[in-house]
Amino acid sequence: MATIKDVARLAGVSTTTVSHVINKTRFVAEATQEKVNKAVDELNYAPSAVARSLKCNTTRTIGMLVTQSTNLFFSEVIDGVESYCYRQGYTLILCNTGGIYEKQRDYIRMLAEKRVDGILVMCSDLTEELREMLDRHADIPKVIMDWGPESSQADKIIDNSEEGGYLATKYLIERGHSKIACLSGHLDKAACVERISGYKRALNEAKITADENMIIEGNFECDTAVIAADQIIEMEERPTAVFCFNDTMALGLMSRLQEKGIRIPEDISVIGYDNIELAEYFSPPLTTVHQPKRRVGKNAFEILLERIKDKDHEKRVFEMHPEIVERSTVKTLN
């Protein structure tokens, strides 16, 4: 592997000159630049990121902890983060924890050892232990996204899940629905608690009694949506509408209901949550609650860059507000 000394020898200049040409830290005559660049190309020389990080006290690297990168919502946020990292000359290290404590612990340790400039956290399974681990590395700038916990050591972006649950349920009520089921994720997750709170607030405003039997626990994946669809089919009094806590479950639910001869939205209306790309192209196209996923990714990265530049800045909370995207899966009854 070629070294900076090899480049300097081939170009007939000093190693200092080579460094200035590569890093653009001082004026170097054009003819000399051409010699150095030609030598770099001939030797296929790659500057040492380790050496540069020691000199500049930055690795131009960001770590990102996620629960599951294959989740369609997470993957679209990650895509936004990666895109903005690349544009700003940063490398993204993606750590897929699967919600496993040991992996979370080991990845945080690894990111600290690699001297990342900052960490983005987007995990649905965040425990007090994980928060303490993050707080232990107070010297590393952090931004917590989506379902993460409050931390004295990190900026936070919140998605206003309660507001989203309220908007989705109110949308159905305004179209004449009063028997509204909801298919949640795990009921102990903060986002689910908040969306159920919003669901109940909308029902209460409309003087509709919330029926706990209409709250079906899922896991944000298609398999539980299929089980939920079968439960709904067996109900003596079926709901006229179902509010699903993410689009993945909504699409799974619709697929199963249609397979059993139940038409969407003629027989049962469905509204989702997240507005993933696939939602628009399903049949029928899914009405859903929009979350600006790529903007969340962009904002998170920009906030983290600010924190990297000014570690002593007061910790902040940034709010994102959901909105309804109207398509073809909700029938108006009144």
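The backbone N, Cα and C atoms fix where each Cβ goes, and this holds for glycine too.
As recorded in Swiss-Prot:
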type     : residues                      : note
DOMAIN   : 2-56                          : domain 'HTH lacI-type'
DNA_BIND : 4-23                          : DNA-binding region
DNA_BIND : 48-56                         : DNA-binding region
BINDING  : PHE73, LYS189, PHE220, ASP274 : hypoxanthine binding site
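Through the fold, the DNA-binding region (4-23) approaches residues 32-33, 35-40, 42-43, 45, 47, 52 of its own chain, all at least 6 residues removed from its boundaries and within a Cβ separation under 8 Å. The binding-site residues under consideration are PHE73, PHE220. Their Cβ neighbour counts within 10 Å are lowest for PHE73.
Here the domain 'HTH lacI-type' (2-56) returns a mean pLDDT of 87 for the predicted model. The Cβ of ASP274 (hypoxanthine binding site) lies under 8 Å from the Cβ of LEU72, PHE73, ASN246, ASP247, THR248, THR288, VAL289, HIS290, GLN291, LYS293, each of these being in the same chain and 6 or more residues away along the sequence. Following the DSSP three-state reduction, the secondary structure of LYS189 (hypoxanthine binding site) is coil. Counted within 10 Å of its Cβ, the other Cβ atoms near LYS189 (hypoxanthine binding site) come to 19, all protein chains included.
Mapped onto three states, the DSSP output places ASP274 (hypoxanthine binding site) in strand.
Secondary structure at PHE220 (hypoxanthine binding site), as computed by DSSP, is coil.
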